[in-house]
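Peer 1: What follows is a structure written as structure tokens; I'll ask about it next.
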């Protein structure tokens, strides 16, 4: 199963374990950039084509490249029984692996307006949001407030807790993946995600991005998460 397929079936924490279990030194097992499910300009005017192209081809590609480099170096250290070298590489693996995981989820969490981007969720996910937050509008308000308050760069997440069987809003710094809960929806608030268009107005970016959220994808992730034991 390819990387994107594993994202659809796994939590971010499980995915990081998969990163650690890669067959080191094998070119065939190197991670690759997943296909973007729409054209660069498909999310305009909410997200410009220039931002999408830069974000996908440069930033996400850099995470993939640097992850593979770090894993190959880790393999060499492991083969040489260089424990200190292995430990020193873990931050790079976490950062770039997290960047790959997070962005691979992010692209599928978005959709053009003509492909139901921004169309409100229905069914069990909508029921859970209404029960816990009162309404979709109140959920979005709470999500935006918490995510806008991230100091520096990071991600806002809607996750699912398998123990409590409840939704939760969580934030992660830098490229840290959501490891304790199943990720359903991630919003990138690194400046490269919006600065060319919104400058330093993160709240404006957060307000507008809901127009292209792919709630069908989020609902599918929610349904899969609830089926896990």
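Heads up, the Cβ atoms here are built off N, Cα and C, so glycines get one too.
According to TrEMBL, the protein carries these features:
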BINDING   55, 103, 188, 192  Mn(2+) binding site
DOMAIN    30-111  domain 'Manganese/iron superoxide dismutase N-terminal'
DOMAIN    121-221  domain 'Manganese/iron superoxide dismutase C-terminal'
Peer 1: Around the Cβ of residue 55 (Mn(2+) binding site), how many other Cβ atoms lie within 10 Å? Please give the count over every shown protein chain.
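Peer 2: Around residue 55 (Mn(2+) binding site), other Cβ atoms within 10 Å: 23.
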Peer 1: Pick out which of the binding-site residues 103, 192 has the most other Cβ atoms within 10 Å of its own Cβ.
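Peer 2: Sorting the candidates by Cβ neighbours within 10 Å, the top entry is 103.
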Peer 1: Other residues with Cβ within 8 Å of the Cβ centroid of 55, 103, 188, 192 at the Mn(2+) site?
Peer 2: 56, 59, 60, 106, 190, 193
Peer 1: Treating G and I as helix alongside H, and B as strand alongside E, what does DSSP give for the domain 'Manganese/iron superoxide dismutase C-terminal' (121-221) in helix, strand and coil?
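Peer 2: When I sort the residues of the domain 'Manganese/iron superoxide dismutase C-terminal' (121-221) into the three classes, I find 49 helix, 24 strand, 28 coil.
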Peer 1: Taking only the residues in the domain 'Manganese/iron superoxide dismutase N-terminal' (30-111), give me the average pLDDT of this model.
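Peer 2: For the domain 'Manganese/iron superoxide dismutase N-terminal' (30-111), the model's average pLDDT rounds to 97.
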Peer 1: For residue 188 (Mn(2+) binding site), just count the other CB atoms lying within 10 A of its CB, please.
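Peer 2: I count 24 other Cβ atoms within 10 Å of it.
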Peer 1: Could you give the number of helix, strand and coil residues in the domain 'Manganese/iron superoxide dismutase N-terminal' (30-111) as assigned by DSSP?
Peer 2: 61 helix, 1 strand, 20 coil
